[in-house]
Amino acid sequence: LPQGEDTFKPANGSLTTHVLNTAMGLPATGLAIHVAQLQESGTQWTELAQRWTDEDGRCSPLLAPEQVKAGTYKLRFETAAYWQGLGHSSFYPFVEVIFTITDPAQKFHVPLLISPFSYTTYRGS
């Protein structure tokens, strides 16, 4: 690969995230993330994993390809603890991003952009 090119290429069927601290223009390092799946009853969540972002703000993968099934998932980002660790207060104690996977063979990348008083998410590639 050319120098400086990103070597991270998630496999199809994987679930990944990338968290950026937009207030400081840096990756959000050491942020805790809980991964849960909604049960068929539609009322109970089952936690599948807990991960922390690395020095690049990534968790790769949140779930292994064989763990990704069709269904509704939730990523809970522990933003208050992250901001407190940097000596800042924040408005949102945590951010929950809920999404549905219909084709488990695809790759799913769910980025999160955070600041103490806002957040944005989207389906990445």
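The backbone N, Cα and C atoms fix where each Cβ goes, and this holds for glycine too.
Features as listed in TrEMBL:
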type    : residues             : note
BINDING : HIS18, ARG58, TYR122 : substrate binding site
DOMAIN  : 10-124               : domain 'Transthyretin/hydroxyisourate hydrolase'
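Less than 8 angstroms from the CB of HIS18 (substrate binding site) sit PRO27, ASP56, GLY57, ARG58, HIS109, PRO111, LEU112, GLY124, each of them six or more residues away in the same chain. Counting every protein chain shown, 11 other Cβ atoms lie within 10 Å of the Cβ of TYR122 (substrate binding site). For ARG58 (substrate binding site), other Cβ atoms within 10 Å of its Cβ number 21. Neighbouring residues of the recorded substrate site, listed in sequence order and excluding HIS18, ARG58, TYR122, comprise THR16, THR17, VAL19, LEU20, GLY57, HIS109, VAL110, PRO111, LEU112, GLY124 (Cβ within 8 Å of the Cβ centroid). Whole-number maximum of the Cα to Cα distances across the substrate-binding residues HIS18, ARG58, TYR122: 15 angstrom.
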